[in-house]
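A.B. asks: This is the structure I have questions about; it appears just below.
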Amino acid sequence: MNERILDQESYAQSTPAKPAHDDGIDLDDLLPKIGEFGLYQKCLLWLVCLPACLPCGFCAFNQLFMTDTPDHWCLVPQLSNFSLAERKMMSIPKKAEDNSTYESCMRYSVNWTEIFELNKSIHFNESWPLEPCLDGYEYDRSEVISSVVIDFDLVCDYDVYPTLGLVALNVGGPVGVYSFGILNDRIGRKKSFFACLSTLLLGSIMTAYAHEYWFWVVARIIVGLTIPAVYQIPFIISLELAGPNYRSFVTVMTCIFYTLGLILLSGVTYVLRDWRSLALATSVPFFFYYLYWFVLPESPRWLLMKDRLEEANNILKTIARVNGKHLPEEFTTKLQKQVLEQKEHGVKETKNANAFSLCKTPNMRLKTILITLNWCASEMVYVGLSYYGPAIGSNQYMSFFLSSAVEIPSYIVCWILMDKVGRRWPLCLSMVISGIFCMVTVLLPNDAENETLILYLISKCFISASFLIIYPYAGELYPTELRGVGIGTSAYIGGLGLIIIPFINYLGTNNLVLPLVLMGALSVVGGLTALRLPETLHTSLPQTAEEGEEIGKDWTYKDCWSCGGPRQVESEGDSYENLDQLELTQAPIMEDEVSDLRPVRRSSMRKLVRQASILETQRDHDGSLKMTYWF
């Protein structure tokens with residue numbers, strides 16, 4: 001079989017195709033022998049990887065409810081003996097635009113002490129001079145018992161401070177992913193996960209016991225360092241231990257379970273209305289995750305990279321035993337031979353590409369800009385709408401629940417459409433439709449809460465689909481030798497874009513639909529530019545920068561209307577639909593047992609293969625996944 005075809009069609013591994021005489025080890029050749037997705041991988045996924053999604057979602061979005069801003073008005077200590085209705089009527093002016101509600105940050109400038117001492121009769125006068133709240137504020141605690149806003153008086157002149165706290169959380173994200181990514185490669189996946197978990201718990205405990213605003217901000221930065229790294233590490237372990245045919249399934253299940261975590265969070269926030277209790281309830285239970293130390297394995301790929309042969313071999317034997325398989329002796333022999341050769345001759349250093357390599361040629365430069373623009377727009381709008389969920393509708397808890405629940409059907413439908421229609425049009429339509437429904441809200445009257453909520457939910461559903469598409473699409477557009485740095489660059493810029501999202505949402509303080517209009521416009525622009533990208537369905541993935549430059553170089557406006565991609569019919573082996581056969585012939589030392597695998601492969605799993613997930617292409621030269629590519 002042609003080595004080039006193997007490399008392009010079998011998910012385009014991030015290193016060039018190996019020559020026939022190369023004795024290099026690829027665990028993807030071994031996993032079909034010991035179980036691609038057997039009992040061991042299933043237990044790892046359902047008991048470790050998927051529960052590990054909860055801390056990330058809980059700690060990333062619980063802050064939206066910690067900073068609840070209830071109705072408030074100026075405190076007038078001299079009127080403390082009067083009822084609430086009397087205090088407001090006597091000391092708080094009504095809003096000019098709405099005579100039924102009271103001002104939140106102004107009061108009448110009246111010397112109530114003098115009036116009471118002289119026993120003067122009170123003649124209410126709307127023409128009294130006004131002054132700001134000099135003695136603090138009163139809050140409506142009927143729904144929210146306490147919040148960061150109430151405890152630290154973050155209203156009126158300080159109402160931007162909760163937004164700054166959300167910015168602090170997002171500032172920590174890119175720094176943490178990069179830092180824990182380095183740690184992940186140096187000390188291993190297992191130790192870095194517990195380091196990340198410890199950091200998250202430290203920041204969460206500091207959050208709960210913060211008695212100064214700036215201390216609370218520092219705590220949120222510490223929490224932000226772990227988002228989303230805290231669940232990516234066990235997720236990467238699961239991906240590295242699952243066979244190529246099941247990595248798409250693992251990824252989609254992770255997205256779905258992450259969303260289920262957000263749905264659970266909406267229930268927790270509904271029950272707990274005290275922000276300190278909420279901070280503890282969404283973090284303290286995760287101390288039980290330290291029990292993972294006894295069941296979470298180290299990644300065999302990382303162990304092989306570190307020449308820790310015996311440990312890697314023991315883990316692979318455990319996988320084989322739990323799955324009811326047998327680890328071939330040929331693998332151990334071959335692995336020992338490779339380690340001896342590395343010690344004798346050393347490991348050949350590879351030249352790493354950088355972000356400037358993406359911009360050397362015009363077509364590759366244009367595609368990089370468009371991919372990054374789409375990634376940034378998709379991520380910013382998705383996170384922005386997630387943050388804005390509690391502000392829509394009359395019940396913030398139900399709104400957040402619905403905004404999370406609508407993601408699940410979008411993931412499933414989008415997953416199917418990508419294999420039928422392609423990547424470009426689903427990405428374009430999902431972003432454009434999401435943006436249009438966002439912008440239509442400006443046409444609704446101010447009191448149309450339910451209508452605004454419905455449009456918002458439709459928009460959130462479609463942008464969630466685009467967020468799922470952009471990652472594999474980018475992986476297919478970047479050539480193999482630049483894929484890691486390309487996805488890392490685009491994703492990192494997208495992460496930095498999240499820093500300005502809280503400020504956009506802050507504009508909704510005075511105009512509820514303004515953030516929706518801005519995010520909608522960003523989504524439409526990003527979606528339309530996606531049409532300029534070439535379709536990648538049923539096409540060979542580029543390996544070198546030169547091949548990447550040729551993909552889409554002859555683009556014309558007619559290509560905008562094409563849907564899907566042409567099927568390759570050069571030969572049976574080159575067919576995209578025969579990817580199963582290509583994968584099963586990659587391991588020469590296992591040819592005698594390949595036929596045994598055919599009966600156990602389900603048609604549903606072939607669909608996962610044909611979908612050509614690029615999740616496993618972001619690898620280092622040693623074949624291990626890099627966490628920094630997942631942000």
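Here the Cβ of each residue, glycine as well, is placed from N, Cα and C on the backbone.
Because TrEMBL annotations are produced automatically, they should be read as predictions rather than curated entries.
So TrEMBL has the following annotated:
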type: DOMAIN; residues: 105-538; note: domain 'Major facilitator superfamily (MFS) profile'
type: REGION; residues: 1-20; note: region 'Disordered'
type: TRANSMEM; residues: 43-65; note: transmembrane segment
type: TRANSMEM; residues: 160-180; note: transmembrane segment
type: TRANSMEM; residues: 192-211; note: transmembrane segment
type: TRANSMEM; residues: 217-237; note: transmembrane segment
type: TRANSMEM; residues: 249-272; note: transmembrane segment
type: TRANSMEM; residues: 278-296; note: transmembrane segment
type: TRANSMEM; residues: 369-388; note: transmembrane segment
type: TRANSMEM; residues: 425-446; note: transmembrane segment
type: TRANSMEM; residues: 452-473; note: transmembrane segment
type: TRANSMEM; residues: 485-506; note: transmembrane segment
type: TRANSMEM; residues: 512-531; note: transmembrane segment
A.B. asks: Among 160-180, 249-272, 278-296, 369-388, 425-446, point out the range having the most Cβ pairs under 8 angstroms from the transmembrane segment (217-237).
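C.D. replies: Looking only at 160-180, 249-272, 278-296, 369-388, 425-446, the most contacts with the transmembrane segment (217-237) come from 160-180.
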A.B. asks: Hey, would you say the transmembrane segment (369-388) packs against the transmembrane segment (192-211), going by three or more CB pairs under 8 A that are 6+ residues apart?
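C.D. replies: Result for the transmembrane segment (369-388) with the transmembrane segment (192-211) is no.
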A.B. asks: Rank 43-65, 160-180, 192-211, 425-446, 452-473 by Cβ pairs under 8 Å to the transmembrane segment (249-272) and hand me the top one.
C.D. replies: 43-65
A.B. asks: Within the domain 'Major facilitator superfamily (MFS) profile' (105-538) only, compute the mean pLDDT.
C.D. replies: 86
